[in-house]
Amino acid sequence: MSWRSEYIWVEFIAGSRKPGNFFWAFILFLGSLGFLVVGISSYLDRNLLSLFPSQQINFFPQGIVMSFYGIAGLFISSYLWCTIIWNVGSGYDRFDTKEGIVCIFRWGFPGKNRRIFLRFLMKDIQSIRIEVKEGIYARRVLYIESRGLGAIPLNRTDENLTPREIEQKAAELAYFLRVPIEGF
């Protein structure tokens, strides 16, 4: 999603709150909870989960391994839920031609660098760069080449833009900023 006027262009960046992340965090939570309950059931020798009779799963070694997988899955699931709650990776890119300033903001993990904020002058922008890697894991990333800061990515690497979409986005941004386009 973006917003544009004559002098200002704001590009909003989606973070971790995507349907796929919700789906995998939920599935991982349920699966790891199931493993943990089966492991505890085998230890107590009681049916806490009525799908499997506890006598069929020995605590050593199957119950211990299932408990370990359940605990590990709960840790990974809690990590995914934290990234969703904190909305890691979301933010905006603001290009202001009237003031000649570019602001790039992203939310990170809690701590000293929770707010990632880059602010630099438009005259420091050398070009817009498109990096395309084809293959099984194809990725197309749009960068701003800047003096002093190097290449700054503008879109997420997991954003699956078609070649036409990435070229159009690069052309519009290059025209708005009045800089050349480089391709890789």
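Each Cβ is built from the backbone N, Cα and C atoms, and glycine gets one as well.
The following features are taken from Swiss-Prot:
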TRANSMEM  20-40  transmembrane segment
TRANSMEM  64-84  transmembrane segment
Original post:
List, by number or range, the same-chain residues at least 6 past the transmembrane segment (64-84) whose CB is under 8 A from its CB atoms?
Top reply: 16-17, 21-22, 24-25, 28-29, 31-40, 42-43, 57, 109
Subject >> Long-range neighbours of the transmembrane segment (20-40), counting only residues six or more past its ends (CB under 8 A) >> reply: 48-49, 52, 57, 59, 63-74, 76-77, 80-81, 83-84
